[in-house]
Each structure stands twice: as C-alpha cells, then as structure tokens.
Amino acid sequence: MNYSNTLAFAQEQDQKDPLRHLKDRFYAPQLNKQDAIYFCGNSLGLQPKSAQAYLDHEMQNWADFAVEGHFKTDTPWLHYHELLTEATARVVGARPLEVVVMNQLTVNLHLMLVSFYRPQGKRFKIITEGGAFPSDQYALESQARFHGYNPDEAVVELFPREGEHTLRTEDILASIEAHKEELALVMMGGINYYTGQVFDMEAITKAGQAAGAFVGFDLAHAAGNVLLHLHDWNVDFAVWCTYKYMNSGPGGTSGVFVHERHAHNAALPRFAGWWGHEVKERFQMKKGFIPMPGAAGWQLSNAQILPMAVHRAALELFDEAGMEQLRAKSEQLTGFLEFLIDEIGADKSQLEVITPRDPQARGCQLSLLVKQNARQLFDLLMEAGIIVDYREPNVIRVAPTPLYNSFEEVYRFAEVLRVCLTGKL
Ligand SMILES: *Cc1c(COP(=O)(O)O)cnc(C)c1O
C-alpha cells in the first residue's frame, strides 16, 4: 500500500475500511474529558458494549434460578464453556476438540508444563526466548526446580545477536539442533511482548519435534492479533489470556490448545480435577479419573461463568469481523504507523523502532526504543489524550488494534509524536 502523510489520506482509509463500524461496539476510555486514543490493547483490550448484557443475563439467571442455573436456563452453566469453543477454535486455527477456555494464563501454562515438560535423564532442557514475560520465566524456572534440576542449566535462553533487537529464526533453529540430545521442550511466546516480534511457530515446532521435544507457545500477545494455524502447524500445546487483544476484561479467563494427536492419550500425565472428568460420569462422583477427550480433559474446576459471559460477547465480535479481515486491516494500520514514524525522520540516537519491519514478523504493535527522556515522552502523550504503554527502562509500545482503532487515530498519534520529538523534548 502507498501511504501518504496527510489527515485526508487517513480519513479516506477509514472511509474504505470494511470494519470501521466495529469501533462503535466498544467503550472509549476517557482522558481529559474526551475519548482517548487508545493504543494499549496489547495490555488490556477495551470493553465491548455488549459485554454488560451477557453478564447481566447470567446474574439474573443466578438470581432467578440459583443452583438450578446449572441446568434450567437457556445457557445452562454446566455446558457454558462449550458456548466458547467453536469461536475460540476459529481465532487460533484449531479444531474444537483442541481448545478449552478455563482458569487464567499462568495457571494453564503450569498445567501444560505438567503434561509436556517431562524431563528424563539427560533430556531435560527447555529452549525459550531470553527476556520472556516474567510470569513465563518464573513458570519455567519453578518447573525445572520442581523436577529437581537447576534452572540455570535446564532453561536455555536465546538472545538476539550483538547489535540486534530481535531473534533470527535461523539462530533459534540452530540452537534447537545444538541441544537436540538434551532437549525436552521448546516453549516461547508466539509474539515477544517487549519487541512485538512474531516467531516462526511453524518452523520452530517442526525443528523442536524433530529434535524429540514437545513444542508449546504462550500466545498472550498473538491470540486475536495475528493469524494462527495451531492445528496445521502441529504445535503440541498453547495458552493465552483473553484480556489483551481478545477484550474479555481484567483478569479474564484464558484459552488452552492441546493438539488433536494428544486428545485420546489418557496416559499423558496431568493434574486432574472433576471438570476434566468424562462428562457422562462427572456427577457420579466415583473414584478413578477418566479424562474427557481433547483439551477439555485438562479442566479442573467448574466454569467461571461471569468472566466467560464477558468473553462470549468479545468472541462474537471476532466472528463478526473474521480474523482474516482483521489481520488485513492490521497490516495496513501498523504499516501506516511505521510509515509516519519514518516520516518524522528522528535520529537513531533519539528513537528506534525495535519491532521487525517485515509485516509477517510482527502483529499490530510497534515498540519504540526512546533513547532520551522516554518517561517524559510517555507523559506528554498522555497529556495529549493518547494512551500507550511504557516499559522500563525506555520502551514505549504502541498497538493500534484493528477492531477499534482508526487510521485517523494513527495519524493524530504520529503528529503528537512528531511535535514531541522535534519540539518540546
Ligand atoms: C500478559 C502475559 C502474561 C500474564 O499472565 P496472567 O497469568 O494472565 O497474569 C503471561 N505471559 C505473557 C507472555 C503475557 O503477555
């Protein structure tokens, strides 16, 4: 696409955008008594206006039916999580059998590691990206310790080459090859939360499995952001939260993927709970755990109806938009942002975009490395009514999301950024 650095161009793109009506389905956060420009969907997605009604519906069912709400309503809680399965499968490129919505992200990561990190003898290493989201680091570190290994030896962290900000796929694959005798697991983010780099999940999965390891991804920043084909890529497992790009509310529920080929393997070790037990027998309260087939067999507790009600509203918007259309808009929107930042012509000693320039290697987020006065720049953006996200020590993450952001907002952001960089700072 040929971009042009004018407000008129941005407005014209908005006119042509087949998804522009979706912005109005979300509440706009307020800043200085005005609708803010919100580029922080990577951290907490906006509230769909429809969420309240879904939530109220279950609150009313609870009031009217109490315990009978499990069976007697139009959305019986006993099966409520199943209402989310098909739409979830569409977002991550899975079969319905392969996904379940439950718990929260880090809990689910541990549940998956219980099943798929099975160190034995000298095969005990985990390859992961260096500087992963802290919760993922702590999960891997504590799992290694749990199995009696020293995490400094068990967890192999991959870092970019000297002078580079992102990992090269060839280096990831080379490291898998170099550790192939000792490798138990490859576990990475699908997108690195800090740089916004998308990893080549298909190639990593293939290489990891060829080395005799399981391969899993944390898709916190990928689900609802980029196109995923977890089934076709043959990924063993994946987990994601739903409160970032999936707009399902603070502390919302989480999604899990377990590939179909593990669906009927009852011998796979797991930590079990009654909601994962074969549903036909669940209420017989008998001894002896029989897992449900597929990802559902990892459920522990009865479903969290209230966060799931919000998630249901959010998933409907994904179905309405379609991931392909969202992604098509996203590439243009983020491409426009990149173009406008280039146009500012800031010196590398002042500002550098550390997210890959290749659209296939990023989602909607651009991470700006601000070499001087990063915190001050963040504060100035806020004053101007723009909500982005600041990460210590000096990165500002800007995530125009295709569900509710417009080209005009991207243009306005870049104008403020230009003034800040060339004037006030
Ligand atoms: C947001 C995020 C988390 C947060 O985990 P919770 O268990 O939902 O608090 C973990 N990992 C990654 C990669 C994230 O981006």
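Just so it is clear, glycine is given a Cβ too, placed from its N, Cα and C backbone atoms.
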Per TrEMBL, which of W62, W274 sits in the pyridoxal 5'-phosphate site along with L105, T106, F133, P134, S135, D136, D218, H221, Y243, N302? W274
Spatial neighbours, same chain, of D218 (pyridoxal 5'-phosphate binding site) - Cβ under 8 Å, 6+ residues apart: L105, L109, A132, F133, D136, M187, M188, G189, G190, A238, V239, W240
Counting every protein chain shown, other Cβ atoms within 10 Å of the Cβ of N302 (pyridoxal 5'-phosphate binding site) number 16
Ranking the recorded positions L105, F133, K244 by other Cβ atoms within 10 Å, which is at the bottom? F133
Can you list which of these binding-site residues (F133, Y243, N302) have a Cβ closer than 6 Å to ligand 1? F133
Between all pairs in L105, T106, F133, P134, S135, D136, D218, H221, Y243, W274, N302 (listed as pyridoxal 5'-phosphate binders), what's the biggest Cα distance, rounded to the nearest Å? 31
